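Since the structure comes first, as structure tokens, the remarks are kept for the end.
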Amino acid sequence: MLTAEDKKLIQQVWDKLQGCQEEVGAETLQRMFTTYPQTKTYFPHFDLSPGSDQIRGHGKKVVAALGTAVKSLDNLSQALSELSNLHAYNLRVDPVNFKLLAQCLQVVLATHMTKDYTPEIHAAFDKFLSAVAAVLAEKYR
């Protein structure tokens, strides 16, 4: 459960990302593919080389979906319902991958924000990304 303070911190971080979402998304995906190479199996048609148009484009989609979640912190299930359906029924992505992506996003945020990525922000974002991962995995049950 996200507290009012968590929500405030999440919104602050998201506001700071304005203008660099595509870069953050691409870096997150690239980090995931490097750190967890098994995740590449879901992208057989992608050029997985660093900075490819496909990685940048999908990274932008990932960050846009998270932006939707940030705007709907009180109703994540409804906000992410279509995305949950897509990943569960069409793409059949193993839900563990949502957590792997979340870990990679945390690292990218920390490298971009450096000292501004406080333990409080890390904790709030961890709760947020865990909630998003749980919602995306709901349809698997």
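The backbone N, Cα and C atoms fix where each Cβ goes, glycine too.
Quick look at what Swiss-Prot lists:
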BINDING   HIS58, HIS87  heme b binding site
DOMAIN    1-141  domain 'Globin'
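Helix, strand and coil counts under DSSP for the domain 'Globin' (1-141) come to 110 helix, 0 strand, 31 coil. Mean predicted confidence for the domain 'Globin' (1-141): the pLDDT average there is 89. Cβ-based neighbour count (10 Å, all protein chains) for HIS58 (heme b binding site) stands at 16.
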